[in-house]
Amino acid sequence: MAGGAFVATDGGRHYEGKVTAFVLVTCFVAAMGGLLFGYDLGITGGVTSMEPFLIKFFPSVYKQMKDESGHDSQYCKFDNQLLTLFTSSLYLAALVASFFASITTRLLGRKPSMFIGGLFFLGGALLNGFAVNIEMLIIGRLLLGLGVGYCNQSVPVYLSEMAPTKIRGALNMGFQMMITIGILIANLINYGTSKHENGWRISLGLGAVPAFLLCLGSFFLGDTPNSLIERGQHENAKTMLQKIHGTKNVDEEFQDLIDASEQAKKVEHPWKNIMQPKYRPQLTFCSLIPFFQQLTGINVIMFYAPVLFKTLGFGNEASLMSAVITGGVNVVATFVSIFTVDKFGRKFLFLEGGVQMIISQIAVGGMIAAKFGISGEGSLTKGEANLLLFLICAYVAAYAWSWGPLGWLVPSEICSLETRSAGQAINVGVNMLFTFFIAQAFLTMLCHLKFGLFFFFAGFVVIMTIFIVLFFPETKNVPIEEMNRVWKSNWFWAKFIVDEDVSGYEHNTSD
């Protein structure tokens, strides 16, 4: 095929080439950055429910948890700001790191940012594993946060740029898959170490393993063609394109990337640039998707799962095993998204997942209201506990094939090169900011809102589902450098999009 490309019937440009083993292996290694985030999400809730850990660092929480007087509501047994600060401090550090990572990713490439992230996480995991006081724990958490910030900034962009257009969704979702695998591994480790006096040290310290693997793997990765061209390494970029597609005939795509890079170089201030009206869709989705993603309430389920199940009357081992089960559901459901995202599209998964989450959350809230009421006094029979676990698993599954992976995929694929680093930094920054707020407030909200907390999150899922119906255009099978045509086709965003004619003047597409 001359020129290396053809125009597809759906209006997008499809480049010649096949899916190569090189691409699959490269994306698998890079996606390991998600293991770090997932491992931490899974490990933290289990550790904070382990009695030896609470006795050493949070004795007041342990005393409150063991209070059998009946005066304290089940909802409030873990309400402690210092305990939640241990969990949520990571996300403040990740928020700060994401903006520094934006600069590193643009100037040095995607690969060095992944290595730096792995190094920070390695240091934080070791510090937590050997912690002797609360200060070491918090400093370790901050280092973990810097690692998460760098990885969450660089890995989704790397995957979107490295993946061929027709399987970009599936390969990018490898990042979310690794997050879910990290959560499941962490839950299994917590279940195994909970019986040991210093089991919490093993759980926290083993976070160094995925961090080491990422640091090691990043040495063997090549950088993306987009990043190489951005930094003036055109020959290396062309060679990388040929390896990605398994063909020498990449001239058309190579020229498209050069043109996009030249356009991007005209932009002196990416942060100022993304605020321009013509980038309003990108700014909106890079801000609102991570905001909504956190207000599904999923992360509180993931990193407080053992605490939540314990609060609802599950025993210690039962609460940890229930977290393992939800973690397993999370992994399986993410596989569903990988095999469906490029077939059914992003919008279908957003909408189906939204409806399923709404139903599940209302059912969970209603069941807890019926059994514990306002007072928080009550218990679950074995059958009721199993039903509650099933409803939470249905909610986790819905998230895992919709807002979970799409929350990372969509922001990383909708930004043109000149706004990509800034857009992804906003995505990670907003994600971490609201993860911090939700993590810090969850146990207090559970104490005060009680069963109403699940209705609170369900209300936000209703809002975000309506938002997707009205404003999100389908992005499957569209090359990331041609994403503007998607916005032009949308009833709302078309008025913001401008074209450049041959004379260099811009004009609005709605004129």
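The backbone N, Cα and C atoms fix where each Cβ goes, and this holds for glycine too.
Look at TrEMBL and you will find 21-39 (among others) tagged as transmembrane segment. Beyond the transmembrane segment (21-39), the same-chain residues lying 6 or more positions past its ends with a Cβ under 8 Å from any Cβ of the stretch are 114, 117-118, 121, 144, 147-148, 151-152, 154-155, 158-159, 162-164, 171, 174-186, 206-207, 210-211, 213-214, 217-218, 220-222, 243-244, 246.
For the domain 'Major facilitator superfamily (MFS) profile' (26-476), the model's average pLDDT works out to 85. Taken from TrEMBL, the feature domain 'Major facilitator superfamily (MFS) profile' applies to 26-476.
The transmembrane segment annotation in TrEMBL covers 82-101 (among others).
Per TrEMBL, transmembrane segment is recorded for 113-132 (among others).
Per TrEMBL, the feature transmembrane segment maps to 138-159 (among others). For the transmembrane segment (138-159), same-chain residues at least 6 beyond its ends with a Cβ under 8 Å from one of its own Cβ atoms are 27, 30-31, 33-34, 36-37, 40, 85-87, 89-98, 100-102, 104-105, 110-111, 113-114, 116-128, 131, 171-172, 174-175, 204, 207, 211, 214, 224, 408-409, 411-412, 420-421, 424-425, 428, 431-432.
For 171-190 (among others), the entry in TrEMBL reads transmembrane segment.
Beyond its flanks by at least six residues, the transmembrane segment (202-221) meets 26, 29-30, 32-33, 35-36, 39-40, 43, 46-47, 50, 111-112, 114-115, 117-119, 121-122, 124-126, 128-131, 140, 144, 147, 151, 182, 186, 189-190, 193, 196 of its own chain at Cβ-Cβ distances under 8 Å. Annotation source TrEMBL lists transmembrane segment at 202-221 (among others).
Annotated transmembrane segment per TrEMBL: 283-307 (among others), in sequence order.
Under the heading transmembrane segment, TrEMBL lists 319-341 (among others).
Long-range neighbours of the transmembrane segment (348-368) within the same chain, counting only residues 6 or more positions beyond its ends whose Cβ lies under 8 Å from a Cβ of the stretch, are 296-297, 312, 337, 340-341, 384, 387-388, 391-392, 394-395, 397-399, 401-403, 406, 450-455, 457-458, 461-462, 464-465, 468-469, 472. As annotated by TrEMBL, transmembrane segment applies to 348-368 (among others).
For the transmembrane segment (388-410), the list of distant contacts is 152, 156, 160, 169, 172-173, 175-177, 179-180, 285, 289-290, 292-293, 296, 298, 301, 309, 312, 322, 325-326, 329-334, 336-338, 340-341, 346, 349-350, 352-354, 356-357, 359-361, 363-364, 367-368, 380, 427, 431, 464, 475: same-chain residues at least six beyond its ends, Cβ to Cβ under 8 Å. The annotation transmembrane segment is assigned in TrEMBL to 388-410 (among others).
The transmembrane segment annotation in TrEMBL covers 422-445 (among others).
Same-chain neighbours of the transmembrane segment (451-472): 284-285, 288, 292, 295-297, 346-347, 350-351, 354-355, 357-358, 361-362, 364-366, 368-369, 372, 403, 442, 445, 490, 492-493, counting only residues six or more beyond its ends whose CB sits under 8 Å from a CB of the stretch. What TrEMBL records for 451-472 (among others) is transmembrane segment.
Same-chain residues lying 6+ beyond the ends of the transmembrane segment (422-445) with a Cβ under 8 Å from its Cβ atoms: 78-81, 83-85, 87-88, 91-92, 94-95, 98-99, 101-102, 105, 145, 148-149, 152-153, 156-157, 270-271, 273-274, 282-283, 286-287, 289-291, 293-295, 297, 299-300, 303-304, 307, 407-408, 411-412, 414-415, 453, 456.
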